[in-house]
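Student: Please see the structure below; I have some questions.
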Amino acid sequence: LSNMKSGNSSAITEFLLLGLSEDPQVQPLLFCLFLSVYLVSVLGNLLIILAIMYDSHLHTPMYFFLSNLSAVDICFTSTTIPKMLMNIQTQSKSISYTGCLTQICFVLTFAGLENGILVMVAFDRFVAICHPLRYKVIMNPKLCGLLVLLSFLISVLDALLHTLTALGLSFCTDLEIPHFFCELAHILKLACSDILINNILVYLVTGLLGVVPLSGIIISYTRIVSSVLKIPSARGKYKAFSTCGSHVIVVSLFYGTGFGVYLSSAATPSSQESAVASVMYTVVTPMMNPFIYSLRNKDMMGALKKLISRI
């Protein structure tokens, strides 16, 4: 204890994840619910990836980005849910200090990568609708690959930056995290040392990697709407808007729930309510993405039917 109070963070061996509920009667229900959600999310996103791989008609930039988005969603949910399920099954709340920081790093990486891919899909739709004659020239395979690689590198750099600054924090006796996974905001609340630099970094990066990409998406869709309204036929307008509908829903879910979590955590002192709200963008959104993109897309539905019939 004296080492912890003196700022020696290496003395910490583990944190305690309190989860969504400490009621023993609710634990089995949570286990079944999250296991079902996890299996549906992994299976749904895996089917999207396989359908795009096996159908040559879907070898286009938009579906290339969607397959990457599905892969990121699988990794995103796999970073948080399995540990929660294991803790419920073993009746344990502990997560190692190293495991907690590793989880923070991966969550930030995949959240940032999903953010980047959503921006790429918006840019792809902007080029397809506003500059259709130059679409194949602009959205060439090399550019698409470079965009995904750039987004990955930025996300990893952001995650490492936050994780390395968190390594310098010291903690006292209260090591309980009122959440089902290690979230950076909760770790900062537990720190006994000065977190001014950490908070500045969080606000700065949130502004750069959150607000700026969202602004880019809004600008892209403003230009798209303006171009679509100039189309004379109602059928042409519907066809143009239908290619963007799924992406708009996914963007609304991801950013709406993400910003909602941070606004609710700032407005209400209850960390438990914040943890429940976090379920939306870390668990529900990745599970819903395959349904949104498949049910609203005839090409995707046809590819999925072909894949399932082959299986």
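Along the chain as shown, residues are numbered 1 onward.
Including glycine, each Cβ sits where the backbone N, Cα and C put it.
Pulled these features from TrEMBL for this protein:
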DOMAIN    44-293  domain 'G-protein coupled receptors family 1 profile'
TRANSMEM  28-50  transmembrane segment
TRANSMEM  62-81  transmembrane segment
TRANSMEM  101-123  transmembrane segment
TRANSMEM  143-161  transmembrane segment
TRANSMEM  200-219  transmembrane segment
TRANSMEM  240-263  transmembrane segment
TRANSMEM  275-295  transmembrane segment
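Have a look at these and tell me how they're positioned relative to everything else.
Tutor: If you look at the transmembrane segment (28-50), the same-chain residues 6 or more away from its ends with a CB under 8 A from one of its CBs are 19-21, 66-67, 70-71, 73-74, 77-78, 81-82, 84-85, 88-89, 283-284, 286-287, 289-291, 293-294, 300, 304, 307-308.
Under 8 Å from some Cβ of the transmembrane segment (62-81) lie the Cβ atoms of residues 34, 37-38, 41-42, 45-46, 48-49, 52-53, 103, 106-107, 110-111, 113-114, 117-118, 120-121, 124-125, 128, 141, 144, 148, 180-181, 243, 282-283, 286-287, 289-290, 293, 300, all in the same chain and six or more residues away from its ends.
Within the same chain, residues 19-20, 34, 37-38, 40-41, 44-45, 47-48, 66, 69-70, 73-74, 76-77, 80-81, 107, 178-181, 183, 246, 249-250, 253-254, 257-258, 260-261, 264-265, 301, 304 sit at least 6 positions outside the transmembrane segment (275-295) and bring their C-beta atoms closer than 8 Å to a C-beta of that stretch.
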Student: State the non-local partners of the transmembrane segment (143-161) in its own chain: residues 6+ outside its ends, Cβ under 8 Å from one of its Cβ atoms.
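Tutor: Contacts of the transmembrane segment (143-161) (Cβ under 8 Å, skipping residues fewer than 6 from its ends): 61, 64-65, 68, 104-113, 115-117, 119-120, 201, 205, 209.
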Student: Other than its close neighbours in sequence, what residues sit by the transmembrane segment (101-123), given a CB gap under 8 Å and a spacing of at least six beyond its ends?
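Tutor: Residues packing against the transmembrane segment (101-123) from afar: 62, 65-66, 68-69, 72-73, 75-76, 79-80, 83, 95, 144, 147-148, 150-152, 154-156, 158-160, 162-163, 166-167, 181-184, 187, 209-210, 213, 216-217, 220-221, 247, 250-251, 254, 258, 282.
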